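Chemist: Could you have a look at this structure, given as structure tokens, before my questions?
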Amino acid sequence: MSNKRTEISELGEFGLIDHLNSQVRIKNTSTIKGIGDDAAVIEAGDHVKVVTTDLLLEGVHFDLSYAPLTHVGFKAVAVNVSDVAAMNAIPKQITVSIALSNRFSVEAVDALYEGINAACEHYGVDLVGGDTTASRGGLIISVTAIGEAKKEQLSYRSGAKVNDILCVTGDLGAALVGLQILEREKQVYLANPDMKPDLEKYTVVTSRQLKPDARMDIIHELRDLGVVPTSMMDVSDGLASEIFHICKASQVGATIYEDKLPIDKQTFDTAVELNLDPITCVLNGGEDYELLFTIDQKDFAKLEKHPDIHFIGHITKPEEGKYLVTKSGTAVQLKAQGWKHF
Ligand code: ADP
Ligand code: MG
């Protein structure tokens, strides 16, 4: 060991993961895919298992001054189910580990588990274990989800091909805008506790932040239509950042069109009210938990009429780069700002 000290911010979250991955040696043939996708893939007889885990910290990922514990519990499960969905797999089991400080009562833990159990019902998964420990400060929740698929049904980040169509579900930017509203109202309340926050107008964006829903509905519909995305991931860090991941893993380029990007009216209006550029919210807002995927052109007709799948662009050769074509027709290079954790 040298005395050299490298700041984590020099590598960034993804650089750090690449750095850790470079030191990992896979020893078991049953490990089909390790680090680097939305979930790991493990051989399991006639099918495969997918495994994914996420860690949520009070004060970093949620703020209990506005996030009800029940919603935090639901979200902790939903974000993991979203990573299972992103592999085109079906979630079956979860484990839940919690660390609690003495600030939390049994009733508080019950509220958290009310959300966890509601999510288990909603997604049809079984809570099969976990761990419980004390925390020096605040609440920490770690959820691991296990899902199943047939090997040929899986969608990796690495399967996008030139001329594939880029698709995104739902609408984007709402969770970021919702977070800004919740933070703004919190500051108003802290400055004057007699003021009642007026959140009525913002329920679409705030509920997207507080209680996102993983798009398992889309996974089941794709199955029914016989469509296997050539690549897929969920939008947790922001659309632009996720497009970079797919392009890097698939060694391709991409062009997307501003006028095709889906944004909800309340998200748009609230972004403008907050002096935020709505398109920047769509491109770089985190935590939307929609699905970004690519399909072969032959499958377009099967999805063309779907009300909640949007065709935002196409895959190009790697040397063509990553571009956003604006409403005025100018191609600007995409920048992957994403969520900066460090
Ligand atoms: P997602 O946003 O889909 O949850 P991440 O960006 O968190 O994915 O992780 C990308 C990949 O890196 C995944 O395969 C994940 O399992 C892996 N990964 C993240 N952190 C670590 C870590 N500390 N050690 C090993 N693998 C990690
Ligand atoms: Mg993911």
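Quick reminder: no glycine exception, Cβ is built from N, Cα and C everywhere.
Look at TrEMBL and you will find 36-148 tagged as domain 'PurM-like N-terminal'. Taken from TrEMBL, the feature Mg(2+) 3 binding site applies to Asp38, Asp83, Asp234. Among the features that TrEMBL reports, Mg(2+) 4 binding site is placed at Asp38, Thr52, Asp83. The feature Mg(2+) 1 binding site is assigned by TrEMBL to Thr53, Asp54, Asp131. The Mg(2+) 2 binding site annotation in TrEMBL covers Asp54, Asp83. Per TrEMBL, substrate binding site is recorded for His61, Glu287, Trp339. Summarising the annotation, TrEMBL assigns ATP binding site to Tyr113, Gly130, Asp131, Arg157, Ser236. Residues annotated as domain 'PurM-like C-terminal' in TrEMBL: 164-320. Per TrEMBL, the feature Mg(2+) 5 binding site maps to Asp237.
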Chemist: Take the C-alpha atoms of Asp54 (Mg(2+) 1 binding site) and Ser236 (ATP binding site) and report the distance between them in angstrom, rounded.
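Modeler: With distance taken Cα to Cα, Ser236 (ATP binding site) is 12 Å from Asp54 (Mg(2+) 1 binding site).
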Chemist: Compute the C-alpha separation of Gly130 (ATP binding site) from Asp237 (Mg(2+) 5 binding site), stating it in Å without decimals.
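Modeler: Rounded to the nearest whole number, the Cα-Cα distance is 26 Å.
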Chemist: According to DSSP, which kind of secondary structure is Tyr113 (ATP binding site) found in, if we only use helix, strand and coil?
Modeler: helix
Chemist: Give me the count of other Cβ atoms within 10 A of the Cβ belonging to Gly130 (ATP binding site).
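Modeler: There are 15 such Cβ atoms around Gly130 (ATP binding site).
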Chemist: Ligand 2: which of the binding-site residues Thr53, Asp131, Arg157, Asp237, Glu287 have a Cβ closer than 6 angstroms to it?
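Modeler: So the answer is none.
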Chemist: Compute the C-alpha separation of the residue listed as 'Mg(2+) 5 binding site' from His61 (substrate binding site), stating it in Å without decimals.
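Modeler: One finds 13 Å between the Cα atoms of these residues.
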Chemist: By DSSP assignment, list the helix, strand and coil residue numbers for the domain 'PurM-like N-terminal' (36-148), in that order.
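Modeler: The domain 'PurM-like N-terminal' (36-148) comes out at 35 helix, 47 strand, 31 coil.
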Chemist: Taking just the CA atoms, what is the gap between Thr52 (Mg(2+) 4 binding site) and Asp234 (Mg(2+) 3 binding site) in Å?
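Modeler: Just about 13 Å between their Cα atoms.
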Chemist: Taking ligand 1 as the reference and 6 angstroms as the Cβ limit (strictly under), which binding-site residues among Thr53, His61, Gly130, Asp131, Glu287 are close?
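Modeler: None, by Cβ distance under 6 Å.
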Chemist: Calculate the distance in Å between the alpha carbons (Cα) of Glu287 (substrate binding site) and Ser236 (ATP binding site), and round it to a whole number.
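Modeler: Distance (Cα to Cα, whole Å): 4 Å.
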Chemist: Near Ser236 (ATP binding site), meaning Cα within 10 Å, which of Thr53, His61, Asp83, Asp131 (binding-site residues)?
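Modeler: For Ser236 (ATP binding site), the binding-site residues whose Cα atoms are within 10 Å come to Asp83.
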